[in-house]
Structure formats: C-alpha cells, structure tokens
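According to TrEMBL:
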type	residues	note
BINDING	ARG117, ASN171	substrate binding site
SITE	GLU133	site 'Increases basicity of active site Tyr'
BINDING	CYS192, HIS222	Mn(2+) binding site
ACT_SITE	ASP193	active site, proton donor
DOMAIN	217-451	domain 'Glycosyl hydrolase family 4 C-terminal'
ACT_SITE	TYR271	active site, proton acceptor
Amino acid sequence: LLDTRAGRNTGVPDAARVPDRPPGRVAVIVAVAGGGGMRTPLMISGLIERRARLAVERVVLYDTDPDALHLVKTLADALLVRSGRPFALQTTTSPAGAFDGASFVITSVRVGGLAGRIIDEQVPLAYGVVGQETTGPGGWAMALRTIPVLTDLVARVRRRAPEAWVINFTNPAGLITQALTASGETRVVGICDSPPALGRKIAAQLRVPESAVRLDYLGLNHLGWVRAVWTDGADRLPEILSSDDAIRAIYGRPLFEPGEVRRLGLLPNEYLQYYYHHDEVVGRLRATPRTRAEDVADVAARLKTSALEAVTRGEDPLPVYEAAIFARRSSYMATETGQRRDLAMMGGHVEGGYARAALDVIEAMLHPQRRELIVNTVNQGAIADLDDADVVEVPSRVGPDGAHPRSMGGLPVAVRDLVLRVKAYERATVAAALHRSWREAVAALALHPLVPSPEVGERIAGEYRRRHGPSLGYLG
C-alpha cells in the first residue's frame with residue numbers, strides 16, 4: 001500500500017536537512033487543514049513518491065485534535081525516515097502560522113468528527129431515508145456544520161497566503177466548494193476520488209493505459225455519469241454497454257444491474273445507487289446494527305492503540321496503518337451492496353483515492369502544460385442547463401491558472417431533472433448557511449429528491465438540531 005521503492009532507507013540521519021531545491025524552482029509549501037485525518041499518511045507517501053516532480057520543501061499538518069495529529073506525525077515520520085527526509089514536516093493545532101507562505105492548502109475537515117458523522121448517518125434512517133455522510137440529509141447536516149468553519153478557515157488562508165490554491169476535499173465536496181465560491185473565493189478547486197477511480201476501472205476493462213482513456217463525464221459531485229469513453233478517437237461506451245460482464249467488472253459489486261445501465265445509456269457514479277435503489281439500500285442499512293461511521297471510528301481507535309504500541313516496542317508502525325486502511329477501504333459501501341470490496345481488485349498503489357486526486361491537481365498546477373482532470377469547479381457554461389456560477393463536476397484543463405472546464409453541452413434527458421433538483425437543493429443550502437437562517441435551511445432540505453415530504457424533512461432537521469447542538473446554533 002505505502003510505496004517503499006522510491007523511499008528506500010538511505011541511512012540519512014533523522015535530523016538531516018531538507019535537500020536544496022533545484023535551481024529556478026520556487027519553494028513549494030503544502031498545508032493540510034484536517035491533517036490529523038486517517039488518510040493523511042497516504043498523502044505524505046504520495047508526496048514522497050512524486051518528490052522529483054513536485055519538489056515540495058515543507059508540509060504543514062494542521063488539526064484541532066492533538067491526539068489525531070500526534071498519531072499521524074508518528075506515521076509520517078516513519079515514512080520520511082524511510083525515504084531520507086525529502087522535505088520538512090511540521091504539525092500544529094493552531095491556525096496561526098499554519099498557512100504562512102503556502103502554495104497549496106488541502107482542506108479535509110470533518111466538523112464534529114466521526115461522532116458527528118454517526119449522527120448524520122443514524123438520524124434519517126429512523127424516518128426511512130438513506131443515512132449517508134454526503135448524500136441526502138446527512139450531507140445537508142454535514143454541510144451546514146462545515147460551511148461557516150471552512151469559510152473562516154479559507155479567509156485565514158487568504159491573509160497568510162493570498163496566492164495559495166485551495167484544494168477542497170471536505171465533504172460534501174461539490175456543495176462546500178460552491179459555498180466557498182459563493183463567498184468570493186476564486187482560487188479553489190474541489191476534488192473527489194470517485195470519477196478518476198471509475199476511469200481507472202474502465203481503462204482496466206478495456207485493457208488500455210489509463211492515460212489513453214478520455215471520459216465525457218458530467219454532473220455534480222456524487223451525482224455524475226459517463227456519457228462517452230474515448231480511446232484513439234472512438235467512443236467505446238457502446239461496446240461496454242453491450243456486455244453484462246464488462247458492466248459488472250467495472251463496478252466490481254452489485255451496485256447496478258447491467259440491464260438498467262444499458263437502458264440509461266450512461267455509466268453512473270457509484271453514489272447514484274442511493275437514488276436508483278433508495279428503498280433497497282435503506283432496508284439494508286436499517287437491518288445492520290451499526291453504521292459505517294461507527295465501523296470507521298472503531299478502525300481509527302484500533303489504529304491509534306496498535307500503532308502507538310508498536311512504536312513503544314520499537315517496531316515499525318506502518319504495517320499496522322496499512323492493515324487499518326485496507327479494513328476501512330474494504331468496508332466502503334459494503335452494507336449498501338451486501339458485499340465487501342475485494343482487496344485484490346482495490347490494488348496496492350499508495351495513491352489510490354483522495355491522495356492521488358489531490359496530488360494530480362497540484363502537479364498539474366505546477367507545470368505549464370495543462371492536464372485534463374475531472375474536478376469540481378465553477379461551471380462557466382460547461383453544462384448548458386446550469387448557471388455559470390454553479391459548481392459542477394466535469395473534465396477540466398488544469399494548470400497554473402486554475403481549472404478550465406470543458407464544454408459538455410446539455411445534460412442527458414434521462415438525468416436532467418435529477419441534476420436540476422439536486423443543484424437547487426445545493427444552492428438553497430449554501431444560501432441558508434451564508435444567511436445564517438434555520439428557516440431557509442429546513443426549506444432547502446425539503447428540496448432534496450431523497451426527502452419524501454417537507455414534513456419528514458422538518459422532523460429530520462429538528463432531530464439533527466437537537467443532537468448536533470452548538471455546531472448548528474449559528475442558524476437563527
């Protein structure tokens with residue numbers, strides 16, 4: 001999982017200085033807000049692996065949880081020692097100074113922690129509505145807790161690093177990115193690992209290099225579809241859709257029936273299962289005594305204990321971390337589909353997921369030749385059915401001057417109404433947070449297509465307000 005080939009133990013002492021950067025290269029400083037997160041060591045490993053291309057001089061991890069930050073630093077230090085310390089690492093629990101001179105600030109913040117996520121997932125299920133951290137009511141509650149915190153954090157970034165690019169992975173990524181742009185932020189790109197992961201699976205099925213595949217992918221974060229698969233100038237989506245085996249292989253698990261995918265004429269993002277099979281998913285979630293958030297919390301607790309015990313015994317903590325990451329990944333959407341992910345299918349590359357998505361954007365922004373990546377960015381006419389100011393998830397040319405979305409035309413008829421409804425909900429939720437209005441927030445939740453009625457939405461909202469307490473107290 002963690003790459004050791006590029007970072008062999010060179011015998012360099014722990015206190016070795018950071019190597020001089022190549023002549024003519026500007027110092028690259030990466031700050032991570034939410035740096036105590038469980039996946040941060042993957043980011044550190046990815047930066048080590050790409051050190052020749054990125055020439056990062058310093059990484060700063062900022063988190064308000066000192067225990068989580070201590071654990072991540074322990075793991076990151078083990079990686080850096082193994083690789084000869086190619087860059088300096090700093091950690092801090094204070095935002096003062098965390099972003100000074102940063103070139104890039106990666107935001108991966110979870111307001112309320114995993115305890116908040118557990119509430120987000122539990123509450124809707126009691127009302128027969130899907131409980132998921134980014135989709136439906138759970139995403140609404142998470143966004144409302146997060147928007148004031150993240151807008152304040154990015155304002156701090158601007159005071160200390162006015163030219164920094166903000167790479168947002170804070171969920172729900174599209175909605176949060178829209179909140180930042182609505183607040184006047186222009187140097188921000190939202191990322192998600194789902195679209196590039198789907199692209200890699202498609203390339204594997206077609207037996208072509210990932211770089212040889214160009215996707216026509218369009219929609220919103222966690223609400224997108226592949227409309228065409230281009231290789232050597234030919235669209236191979238019809239070939240994929242004609243084969244049940246190909247469709248099953250791409251998804252790996254029973255997310256969608258081949259027949260329904262064929263009728264749709266598009267390859268849906270995995271999160272569309274919550275819309276297309278809502279009642280079935282809710283039934284499985286309600287039949288399971290624990291939410292995934294509770295499972296993730298247990299994995300994190302075991303990791304903390306086991307990794308620190310390994311250090312106390314003088315052992316390498318990285319194998320413990322690798323086992324924890326595999327446990328977390330294999331449980332992803334396991335309850336919803338009734339099947340755990342096959343670890344062999346997941347592969348062992350360190351940069352799968354969020355780390356790779358973030359580092360691809362950073363690498364593209366550091367080089368003059370733009371690279372096409374699927375990101376969350378301001379529409380600017382890319383999807384004709386949506387407002388120019390809306391944040392969309394589309395292929396974009398990413399370079400030093402930001403992300404420039406490719407023109408995608410109109411939405412397919414089969415998905416247009418759903419996208420418009422979800423975007424209306426997103427706009428209203430952002431407005432409610434920025435206006436600090438509980439009334440607007442409840443009305444926004446009622447717009448979501450997974451909420452069966454305004455009455456149910458109001459009851460769910462009230463329960464969230466009761467259980468989350470102060471984090472929603474700013475909404476008057």
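Just so you know, glycine gets a Cβ as well, placed from its N, Cα and C.
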Average model confidence [pLDDT] within the domain 'Glycosyl hydrolase family 4 C-terminal' (217-451):
90
Across all protein chains in the structure, which of the recorded positions GLU133, ASP193 has the highest Cβ count within 10 Å?
GLU133
At the level of the C-alpha atoms, what whole-angstrom distance separates HIS222 (Mn(2+) binding site) and ASP193 (active site, proton donor)?
10
When you put ASN171 (substrate binding site) at the centre and draw a 10 Å sphere around its Cα, which of the recorded positions GLU133, ASP193, TYR271 have their Cα inside it?
GLU133
Far apart in sequence but close in space: which same-chain residues, 6 or more away, have a Cβ under 8 Å from ARG117 (substrate binding site)?
ARG110, GLU133, GLY138, MET142, ALA293, VAL296
Within the chain of CYS192 (Mn(2+) binding site), which residues six or more apart in sequence place their C-beta under 8 angstroms from its C-beta?
PHE169, ALA173, GLY174, ASN221, HIS222, ALA357, ASN376, GLU393
With Cβ-Cβ distance below 8 Å and at least 6 positions apart along the chain, what are the contacts of TYR271 (active site, proton acceptor)? List them in sequence order.
THR134, THR135, SER194, HIS222, LEU223
Within 10 angstroms of the C-beta of HIS222 (Mn(2+) binding site), what count of other C-beta atoms is obtained when all protein chains are considered?
25
Conformational class of ASP193 (active site, proton donor) under the three-state DSSP mapping:
coil
CB contacts for ASN171 (substrate binding site) [other CB atoms within 10 A, all chains]:
24
